[in-house]
């Protein structure tokens, strides 16, 4: 089985468009559909035909092009069961623990409520790929619009249980801001400082910072490091529950 091909490009202002292509079957999935034009140009540039859309949550900047792409390609739209009514063109709803096939490969659904109530991630265990959209960012997490911090912390624990070498594709190019914020709560983390410097250089050159890995996030993402003594001491939360430390970090980011 040949490796999947992945193309990443910008949509709107900072959304990532992601296409996942199987060179043997020709199957091509879009991870969300933020904007019609960039997706069509990417497909045309490769000579790919869209067969699937894997929707992660209902926000407009992730579903805007669902209907026009479905009308053009007759592709199959997957999306979260708990947000089914809000997903344009939905064909198959997916709940936590569901599994389906894409081009003969297993796709596992992980419910990650927090950013929205029904947000899901798509995990391809045999390929070591996680499509996390607006749950997990490089050195960050999604803003909590519909569920409390405790729910997002539970979602993060699910993702932290994946293999460290899992490649993570996220939904927005927020990495520079995330890195700068992470340094304010984890200033003594040498790995974080080195990564933040690399990100500064990459973004100055207009280079993307995607993908990341679960292992790298465990080392540098403050939301995954809530048990770290240095972070807790810096926040004045030495004896707090993990979920409370997570919530404090998210609150500080909201005001950063």
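Note that Cβ sites are derived from N, Cα and C of the backbone, with glycine treated the same way.
Shown in sequence order, 80, 83, 115, 116, 118, 119, 120, 133, 134 are the residues of the chain, 6+ apart in sequence, with a C-beta less than 8 angstroms from the C-beta of residue 57 (Zn(2+) 1 binding site). Following the DSSP three-state reduction, the secondary structure of residue 57 (Zn(2+) 1 binding site) is coil. Taken from Swiss-Prot, the feature Zn(2+) 1 binding site covers 57, 59, 115, 134, and the record attributes it to sequence analysis.
Under a cutoff of 8 A between CB atoms, and with a sequence separation of 6+ in the same chain, the neighbours of residue 62 (Zn(2+) 2 binding site) are 15, 32, 33, 34, 55, 56, 133, 134, 171. DSSP assigns residue 62 (Zn(2+) 2 binding site) to a helix. Annotation source Swiss-Prot lists Zn(2+) 2 binding site at 61, 62, 134, 172.
Within 10 Å of the Cβ of residue 134 (Zn(2+) 1 binding site) there are 27 other Cβ atoms, across all protein chains.
Taken residue by residue with DSSP, residue 172 (Zn(2+) 2 binding site) is part of a strand. If you take the Cα of residue 59 (Zn(2+) 1 binding site) and the Cα of residue 172 (Zn(2+) 2 binding site), they are about 13 angstrom apart, rounded to a whole number.
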